[in-house]
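J.: Below, the features straight out of TrEMBL:
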DOMAIN    74-510  domain 'Amidase'
ACT_SITE  K136  active site, charge relay system
ACT_SITE  S211  active site, charge relay system
ACT_SITE  S235  active site, acyl-ester intermediate
REGION    521-556  region 'Disordered'
COMPBIAS  533-556  compositional bias 'Low complexity'
Amino acid sequence: MQLDILRFRILGYIMRRFLRSAMIVFSWFVVPYSRYTNIKVIRRKLPPIRSHLLEIPAVDLAKLIRTRKIKSEEVVEAYIERCRQVNPLINAIVQDRFEEALEEAREIDNVIAMGINSVESMEEHTPLLGIPVTVKESIAVKGMTNQAGRVFKTPQIAKSDAPVVEQIKRCGGIIMLVSNTPELCLLWETYNNVTGQTKNPYDLKRTPGGSSGGEAALLASGASLLGLTSDIGGSSRLPAMFSGIWGHKPTPYAVSFRGHHPTSDFPKWGDFFTIAPMTRYAKDLPLLLKCMSDPTGPKLTLDKEISAHGIRFFFMDNDGPSGMMRPLSRDLHAAINRVASDFNAERVNIRKMKWSLDISLSAMLTMKNIETIYHKTEEGEQPKTVCKETVKYFFGCSDSILPSVIFGHLQNFMKIIPNSRHKHLASIIEALKTEFKEMLGNDGVFLYPTFPNTAHQHYQIYHKLLEPMYMAIFNTLGLPVTNCMIGLDHRNLPMGIQVVANPGQDHLCLAVAREMERRYGGWVRPPSEDSHSSSSSSSNNGNGATSSSSGSKQRG
């Protein structure tokens, strides 16, 4: 027994040193390449936001539409115009359905004008009535492209809506477009060989993150209000952080994961993967999540009124003594500790968090039948092989991006690791679940970094591939978690923090998010061509609050 533990620790040490060394070596090539590619990026800013309709939270906007104060058509027109203004700069839209959305908005306005349903009935049964919604392209929207950034000779069009899209439509939401994602959602940056690279509204030389970067860029630039994304390793939370908005990973199975690429028939796929809400305003997260929730899944108490004052807070500002992940930037370290102080959070040291990388990779890469470029191929095409596709990639002949190519190698590598190690890591997962369950109970949340730095330049994620484990650990543990905007750093780039709760306690995360929005101001308009509209200055967030680069609690 002692010998097995010793072998486990030695193998873990060797793998950790190898991976950290590999990241250092990667940086020698990645950083110069990133800087070179950015030379070609013109330093431009977004057009300023002119329409007041673009800065009204969905909760308030839906009420105005129901009570005939404004028309859905006006709202949809404003968002279409904003999309057309910003997309040439951020490149976030894969395919739009603007004309269909306008027609649906007119029909909704006509129904409301006829007075068929009472305001109360509309609020109860169609709470999103007339509100525009955007959707990550990997989620099926009937009649729209649905190939998750993969290159196909024949466009792959969704024949039906994903269950979550059906629910949004039943709640009155109007689907406007599908947005960009890296190929098969396999990267924490958003680019592919179909649509290209999506850029961060705060700085076009930087990434909005991934894999839900298209949604994040649209929301942050004022071109979307509510977004449907997905999350298996931080895919909704990292873009939310890098873009200064709000992304929530729900309790497993609370939202249907059907109708998404990639998918898997692995029995525990839903333990790790979920479709997730992303919003510009924290106050809209409960509304959107309620409309997305699977009627057959775990019941979430999203209508439960709760004050942040009745919640117990715990926090860590590192991953434990692993030495694997980079420490936080100075700005993020100060901001997260300031938040912890503001909420009287108790500092804890969960030592098993040092295994975040090991247990997350073991759990996710040993799942079988995950859709990759080596599984589903176009009709008539020969299945791809790992070695052949790797050679094609390095000779510039592959249709795929690097993460899709090397994913097969990672899966093969996991097969040679002794099964005893996987079993030991599985026992650590269970021990961590128990530790969180006992610590948080039904009234506690855990504050934890989303990522150690704010949005970096394009492609630099390739020498930071270990740091997403700050997020992936909570997919592995099956815990609900929200990225919350807590201010801007010295470069005027958004900073974020994760708020984690026990399964089924999503309402605690969302209550804290709402309080953080009230205290720290939430979304800040990105820099614009209008010299008077700058992200370094205060801006209204739809709640009467303001946000500043300090990330500190607002006064007055």
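Including glycine, each Cβ sits where the backbone N, Cα and C put it.
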J.: Are there residues of the same chain, six or more positions away from S235 (active site, acyl-ester intermediate), whose CB falls under 8 angstroms from its CB, and which are they?
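T.: The list for S235 (active site, acyl-ester intermediate) reads C185, W188, G210, S211, S212, T229, A276, given in order along the sequence.
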J.: Express the predicted model's confidence over the domain 'Amidase' (74-510) as a mean pLDDT, rounded to an integer.
T.: 96
J.: Under 8 Å between C-beta atoms and at least six apart in sequence, can you list the same-chain neighbours of K136 (active site, charge relay system), or say none if there are none?
T.: V178, S179, T181, S211, S212, G214, E215, G227, L228, T229, S230
J.: Tell me, how many other CB atoms lie within 10 A of the CB of S211 (active site, charge relay system), whichever protein chain they belong to?
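T.: Counting Cβ neighbours of S211 (active site, charge relay system) within 10 Å gives 32.
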